[in-house]
Amino acid sequence: MILLGVNIDHCATLRQARYRQAEATAGGPIEPDPVTLALAAERAGADGITVHLREDRRHIQERDVWRLRESIATRLNFEMACTPAMTQLALKLKPESVCLVPENRQEITTEGGLDVTAQRDRVRACVEAMNAAGIQASLFIDPDEQQIELAAQLHAPCVELHTGAYASSYPQPTSRTKEFQRLRMGAARAHELGLIVNAGHGINYVNIAEVRTLPHLHELNIGHSIISRALFTGIDEAVREMKVRMNP
């Protein structure tokens, strides 16, 4: 069975669109609350909760991750830039897992996989720190053989394959087939190297029918499509429907 990690970043995006000041000046309850949403997602069957605390704090805030750490019953997957400050925060937070992702202040959302080659020493230091602390470290990378092999060399126990290029090419059959084959080969190579294989980015209620057939999948991290569907159906139904489509 493929596990579902629900990314709740965009609940915080909606909150921050209205409330950017301190809670004391908000004039009442601040909604929507990401922690409340996370608990509802868990009740609906989410196997874990994923949040990305960006360095620019554009959506999830540090207080959110600490409240989540204290509140949720499943697993906390903490997405973070590979920086000394974030590494120290993660070691204090002690989530079940961290996922190292690239960040660009001009991007709307994460635009590609982490370039492990360019940040080899920094990634190694972070992975070693997480391994020593008993926190599972995952690298969010494109399905590129060189990146996957380097992840294994740096002793990362897990990779999350970036499915964004596949999702973007979905309407074009030729490009879609090419990108899906890259994902298949990447998943197979990661598995050969003993890595846990996760995937995420751009997965929705349509392309999940194909994504779920990728070999050796352990977990999918899905956010925007679930939060979008929840606006119409509620978070319970949105999570349950995705779980059904992932594991029919």
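Backbone N, Cα and C atoms are what each Cβ position is placed from, and that goes for glycine too.
All protein chains considered, the CB of H201 (active site, proton donor) has 26 other CB atoms within 10 Å. What Swiss-Prot lists as active site, proton donor is H201, and the listing cites sequence analysis.
Look at Swiss-Prot and you will find N7, R18, G202, G223, H224 tagged as 3-amino-2-oxopropyl phosphate binding site, backed by sequence analysis. The local packing around G223 (3-amino-2-oxopropyl phosphate binding site), expressed as other Cβ atoms within 10 Å of its Cβ over all shown chains, amounts to 22. G223 (3-amino-2-oxopropyl phosphate binding site) falls outside any helix or strand according to DSSP and counts as coil.
Its own atom aside, the Cβ of R54 (1-deoxy-D-xylulose 5-phosphate binding site) has 21 Cβ atoms within 10 angstroms in the protein chains shown. DSSP assigns R54 (1-deoxy-D-xylulose 5-phosphate binding site) to coil, not to a helix or a strand. Per Swiss-Prot, the feature 1-deoxy-D-xylulose 5-phosphate binding site maps to D9, H10, R54, H59, T109.
Reduced to three states, the DSSP call for E160 (site 'Transition state stabilizer') is strand. Among the features that Swiss-Prot reports, site 'Transition state stabilizer' is placed at E160.
Between the farthest pair of Cα atoms in the 3-amino-2-oxopropyl phosphate binding residues (N7, R18, G202, G223, H224), the distance is 25 Å. Remark: H59 (1-deoxy-D-xylulose 5-phosphate binding site) has D9, H10, A12, T13, R15, Q16, H52 as non-local neighbours, by Cβ distance under 8 Å and separation of at least 6 in sequence.
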